[in-house]
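Reading through the structure tokens given below for one structure.
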Amino acid sequence: MILVLNGPNLGRLGTREPAVYGSTTHADLVELCEKTGRDLGVEVEVRQTDHEGEMVGWLHEAADRALPVVLNAGAWTHYSIAVRDAAAQLSAPLVEVHISNVHKREEFRRHSVLSDIAAGVILGLGVDGYALALRWLAGAARG
Ligand code: DQA
């Protein structure tokens with residue numbers, strides 16, 4: 001199983017700053033990830049939270065179950081050492097995803113506290129980045 005974990009404000013995809021994040025809703029994103037999982041023959045579970053402690057708990061669960069993770073930590077990406085410390089406990093690969101190209105945006109979005117512990121980072125490709133991450137993780141799991 002692959003866990004897709006989305007952080008704060010990502011539940012508002014579709015209505016949130018559509019010029020930056022597009023018109024795809026979080027429900028559409030869940031469908032895209034589940035369909036990608038079906039195509040790949042891997043179970044995919046998508047979760048979203050606006051609460052940092054809940055995200056930390058999900059990362060602990062992924063660490064305990066040795067699950068690969070696709071993580072869009074939203075704004076936490078840029079400053080949450082708690083999320084980083086939880087993600088650092090994972091034994092299976094982590095792929096960091098951002099819908100927008102954070103390097104084209106404000107300076108404070110350029111730094112990620114997660115990138116150096118991620119297997120890879122996909123950004124700026126919209127929600128397609130999730131499908132690409134799942135594809136790569138499914139291959140990584142097969143070895
Ligand atoms: C984001 C980029 C972050 O800077 C921002 O805080 C988000 C979404 C993205 O997917 O592009 O919430 O992670």
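In case you wondered, yes, glycine gets a Cβ from its N, Cα and C as well.
Within ARG47, ARG109, the residue that TrEMBL lists together with ASN72, HIS78, ASP85, ILE99, SER100 for binding substrate is ARG109. For HIS98 (active site, proton donor), the count of additional Cβ atoms within 10 Å of its Cβ stands at 23 [all protein chains shown]. When Cα-Cα distances from TYR21 (active site, proton acceptor) are compared across the binding-site residues ASN72, HIS78, ASP85, the shortest belongs to ASN72. Long-range Cβ contacts of ARG16 (site 'Transition state stabilizer') within its own chain (separation 6+, distance under 8 Å): ASN9.
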